[in-house]
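Enquirer: One structure, as structure tokens, below. Some questions next.
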Amino acid sequence: MLPGLALLLLAAWTARALEVPTDGNAGLLAEPQIAMFCGRLNMHMNVQNGKWDSDPSGTKTCIDTKEGILQYCQEVYPELQITNVVEANQPVTIQNWCKRDRKQCKTHPHIVIPYRCLVGEFVSDALLVPDKCKFLHQERMDVCETHLHWHTVAKETCSEKSTNLHDYGMLLPCGIDKFRGVEFVCCPLAEESDHVDSADAEEDDSDVWWGGADTDYADGSEDKVVEVAEEEEVAEVEEEEADDDEDDEDGDEVEEEAEEPYEEATERTTSIATTTTTTTESVEEVVREVCSEQAETGPCRAMISRWYFDVTEGKCAPFFYGGCGGNRNNFDTEEYCMAVCGSVIPTTAASTPDAVDKYLETPGDENEHAHFQKAKERLEAKHRERMSQVMREWEEAERQAKNLPKADKKAVIQHFQEKVESLEQEAANERQQLVETHMARVEAMLNDRRRLALENYITALQAVPPRPRHVFNMLKKYVRAEQKDRQHTLKHFEHVRMVDPKKAAQIRSQVMTHLRVIYERMNQSLSLLYNVPAVAEEIQDEVDELLQKEQNYSDDVLANMISEPRISYGNDALMPSLTETKTTVELLPVNGEFSLDDLQPWHSFGADSVPANTENEVEPVDARPAADRGLTTRPGSGLTNIKTEEISEVKMDAEFRHDSGYEVHHQKLVFFAEDVGSNKGAIIGLMVGGVVIATVIVITLVMLKKKQYTSIHHGVVEVDAAVTPEERHLSKMQQNGYENPTYKFFEQMQN
């Protein structure tokens, strides 16, 4: 009996442990729940040990539908009967959150609000009611709303009673993450002030992701998309700048670690997902609106000492409240006022008129990225503040214009629409100026690093005696500097092409020119190795591997950038295929001075490797696809033994042959199109002639047939035109020997 009772008590204690939180900092440790952060693998709570585990499949990231979240809960907890999901009330801190498609998981903590996976039949949460606090609840059977709605209802109800919302829970589920009521606990302000301060301190020390990006405005959504795309591009450039080139063997790992912090920051600012709650974001908007209102005494004449938040000063100030009416920027104490509106201070304090100008006037330095981020935040804060002010003015104007004529209302709406559009355009211009300035500074930094790397490389070559390993290390740094410039250019063009194809078409020639300069500069720098054949032969394999590794990434992007979209001329079968177009452009650059093969590794060094036909002939181009060619084996050394005149002849010959290739290619298309046009004209002429001939034949046949009918006569018979059809028919019958029996009968009687 006693062992059985012990087992029952143990089972009951285990079931209770699954419901009661054990650690407020880590969330509901033993309760089934999932957490998501876009760009990283989903996490779920291990109900056995209270720790967060990564996605079992290693592939799934943030989910944007409540149905999908419920299904995912059922997948990660197959042994539990998951019937519904609901957003948690408090955020949780998760360590070592793995990025998607990356093995390393050591990152700084992330704070997100998880989803609770509800097991079995719904049971409302048991709320603790501290001393001096009140337990309240609201139910509406005609309403089925989300967790966010009922949280707002509970908070406003507590605010009306001059109390703070301490805790709350959902009641009466009516759908996935939808309910018909809420239970909550309201506590006096003094009881909650410590909780508010500690929560603010925790948020200030952590990177909290609330599941949304910066506030969008309807008229500027497109500019926002462009800005986000450009910021992502700048992020990629800054990641490259953070690379540590000193470690030659483990450079890739160092670069990956350097990219980690900014990639996470980009994800937090640009990821838009519905996997975490928007409760706090909505509350922040309400707080910002409340704290931006002017203090109102109200219609009553009492003299009650209260506090309000002064936006211009960034602090709370006293005023006298009349006792009724007014607005919500009305607090009993200064501490409570600052606890509520303190979060508004950074936004308003940063929005100085010259916030962006300071960045533009300050020269770039090693902390360029940090300065750019601060300038961007100040710009967005200023824009949000100005838009909020316009929206408040618009709302007030609409209230005052309710009784005005329809034409006046329309004029008011048009005025504020134009004002909003003007602000959006101004903000877009400032963003563009900010990004362009940052891009220019990044390019300048890349140029400086490349110049320094080239100087070190040349110095290593000129050393007596030259050290092959040192030369290779300097060459490796120089090649990486060039490749960073190349990748930066390609990524910039890719982003521009995605957000503004017209602008991409305009800058395409500039991008191609810049890439040609990079290719030529690299070829000239690599040819310096030929001056020292011993060093070149010793590091040949390493250089081959270096160039192949550095070029693999950029070739695909370059091929996509160079390829033009096909244009239909009414007969696509006559146009060259996309593969042919890509191959032609890759093999025949714009000015014929280089090709992608010029950057491939070489396999021969020294003066003996110069081709015998250098003066009169250019090596034929391999027309196979790049994937089939592999590493080129054409010699690239011996340039030091070729005279300047010979180099000029080779370059001119190459230009002539490449240019000729372009001419022939286009002439074939033109002549082919002309042949097709002439064939179409001949076909049309033949068709018209055929129609005319057919018409003549038909008319001739009709006339012949008519003539045949009219020419059949057995004698001359005069027919009165006035006779009836019956008489005419009888006459024809008589012509053919027909005799009317009636007439014959009467003739016989007469005879």
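One is the number of the first residue shown, and numbering goes on along the chain from there.
From the backbone N, Cα and C atoms, a Cβ is placed for every residue, glycine too.
So Swiss-Prot has the following annotated:
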- 18-682: topological domain 'Extracellular' (TOPO_DOM)
- Cys38-Cys62: disulfide bond (DISULFID)
- Cys73-Cys117: disulfide bond (DISULFID)
- Cys98-Cys105: disulfide bond (DISULFID)
- 131-189: region 'CuBD subdomain' (REGION)
- Cys133-Cys187: disulfide bond (DISULFID)
- Cys144-Cys174: disulfide bond (DISULFID)
- Cys158-Cys186: disulfide bond (DISULFID)
- 195-284: region 'Disordered' (REGION)
- Cys291-Cys341: disulfide bond (DISULFID)
- Cys300-Cys324: disulfide bond (DISULFID)
- Cys316-Cys337: disulfide bond (DISULFID)
- 504-521: region 'Collagen-binding' (REGION)
- His658, Tyr662, His665, His666: Cu(2+) 2 binding site (BINDING)
- Met687: site 'Susceptible to oxidation' (SITE)
- 713-732: region 'Interaction with G(o)-alpha' (REGION)
- 738-743: motif 'YENPXY motif' (MOTIF)
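How buried are the listed features, and what sits near them?
Expert: For Cys62 (disulfide bond), other Cβ atoms within 10 Å of its Cβ number 22.
Counting only same-chain residues at least 6 apart in sequence, those with a Cβ under 8 Å from the Cβ of Cys117 (disulfide bond) are Glu31, Pro32, Gln33, Ile34, Leu70, Cys73, Tyr77, Leu80, Ile82, Val85. Cys117 (disulfide bond) carries a strand DSSP state (E or B).
In the three-state DSSP scheme, Cys98 (disulfide bond) is classed as coil.
Note on the region 'CuBD subdomain' (131-189): mean pLDDT across this stretch is 88.
Secondary structure from DSSP puts Cys133 (disulfide bond) in coil.
The local packing around Cys144 (disulfide bond), expressed as other Cβ atoms within 10 Å of its Cβ over all shown chains, amounts to 14.
Contacts of Cys186 (disulfide bond) defined by a Cβ separation under 8 A and a same-chain sequence distance of 6+ are given as Cys133, Lys134, Leu136, Thr157, Cys158, Lys161, Thr163, Asn164, Leu165, His166, in order along the sequence.
Within 10 Å of the Cβ of Cys341 (disulfide bond) there are 25 other Cβ atoms, across all protein chains.
Sequence-distant neighbours of Cys300 (disulfide bond): residues of the same chain at least 6 apart with a C-beta under 8 Å from its C-beta are Gly322, Gly323, Cys324, Gly325.
Long-range C-beta contacts of Cys337 (disulfide bond), restricted to its own chain and to partners at least six residues apart, with a cutoff below 8 Å, comprise Trp307, Tyr308, Phe309, Cys316, Phe331.
Sequence-distant contacts (6 or more apart, same chain, Cβ under 8 Å) of Met687 (site 'Susceptible to oxidation') do not exist in this structure.
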Enquirer: Going by DSSP, how much of the region 'Collagen-binding' (504-521) is helix, how much is strand and how much is coil, in residues?
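Expert: Here the numbers are 18 helix, 0 strand, 0 coil.
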Enquirer: Whole-number Å distance between the CA of Cys174 (disulfide bond) and the CA of Cys38 (disulfide bond)?
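Expert: Computed Cα spacing between Cys174 (disulfide bond) and Cys38 (disulfide bond) is 28 Å.
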Enquirer: In this structure, which of the disulfide-bonded residues Cys158, Cys324 has the fewest other Cβ atoms within 10 Å of its Cβ?
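Expert: Selected from the disulfide-bonded residues Cys158, Cys324 on minimum Cβ neighbours within 10 Å: Cys324.
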Enquirer: Whose Cβ, among the disulfide-bonded residues Cys98, Cys316, has more other Cβ atoms within 10 Å than any of the rest?
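Expert: Of the disulfide-bonded residues Cys98, Cys316, the highest Cβ count within 10 Å belongs to Cys316.
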Enquirer: Other than its own, how many Cβ atoms are within 10 Å of the Cβ belonging to Cys291 (disulfide bond)?
Expert: 24
Enquirer: Please report the number of other Cβ atoms within 10 Å of the Cβ of Cys38 (disulfide bond).
Expert: 19
Enquirer: Mind giving me a neighbour count for Cys133 (disulfide bond)? Other Cβ atoms within 10 Å of its Cβ, every protein chain shown.
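Expert: Around Cys133 (disulfide bond), other Cβ atoms within 10 Å: 20.
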